[in-house]
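Feature annotations, reproduced from Swiss-Prot:
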- Asp89: active site, proton donor/acceptor (ACT_SITE)
- Lys151: active site, schiff-base intermediate with acetaldehyde (ACT_SITE)
- Lys180: active site, proton donor/acceptor (ACT_SITE)
Amino acid sequence: MKFEKYIDHTLLKPESTRTQIDQIIDEAKAYNFKSVCVNPTHVKYAAERLADSEVLVCTVIGFPLGASTTATKAFETEDAIQNGADEIDMVINIGALKDGRFDDVQQDIEAVVKAAKGHTVKVIIETILLDHDEIVKASELTKAAGADFVKTSTGFAGGGATAEDVKLMKDTVGADVEVKASGGVRNLEDFNKMVEAGATRIGASAGVQIMQGLEADSDY
């Protein structure tokens, strides 16, 4: 298993500076991670810096609350793709899910999938805020909407991925949709637990520490 190709090397803090973005880009190139995941304002710069590498550019949409309108999420997605994003991590409308407005949730995802024009879309369902049945339903809606991944967490809601949630998500979506675990994956042991549970992508700021077998102190 090529550990590095599981990792979206992530920096989503609002105070992220260009120097810090440069650091994660340099690290991603050195370790040949699958992608760097950055806020939309950094996408164009990251795409330019990574043009001569295999490392993809991932960004986030409707992040971290998922509470922006569907039209806004679609516009954000189109803008990100124009600026060079290869992959899109969107946040669902969590309140709509809890209301039982499942058509709204699915249509929200579908709009982003359409706007992404064939680029990979990962759907963040924020598992820490959901019960068992809501995790199942959100995963089902992700699959029905045609997204590529269902993803556990933003890392901004006070909790991250658990192996139990990853397994539940994978059992729900089956072989057609992949699972991304994010939030709280700080070391190789955490990484292995998520992969064993069914994750094929790991979102973490601790990519270097994971590769080196060390421990990180970040929540994402």
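Cβ coordinates are placed from backbone N, Cα and C, and glycine is handled just like the others.
Given the structure is predicted, the values throughout are model-derived calculations rather than measurements.
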Can you tell me how many other Cβ atoms are located within 10 Å of the Cβ belonging to Lys180 (active site, proton donor/acceptor)?
28
Neighbour count, 10 Å Cβ-Cβ cut-off, for the residue listed as 'active site, schiff-base intermediate with acetaldehyde': what number do you get?
31
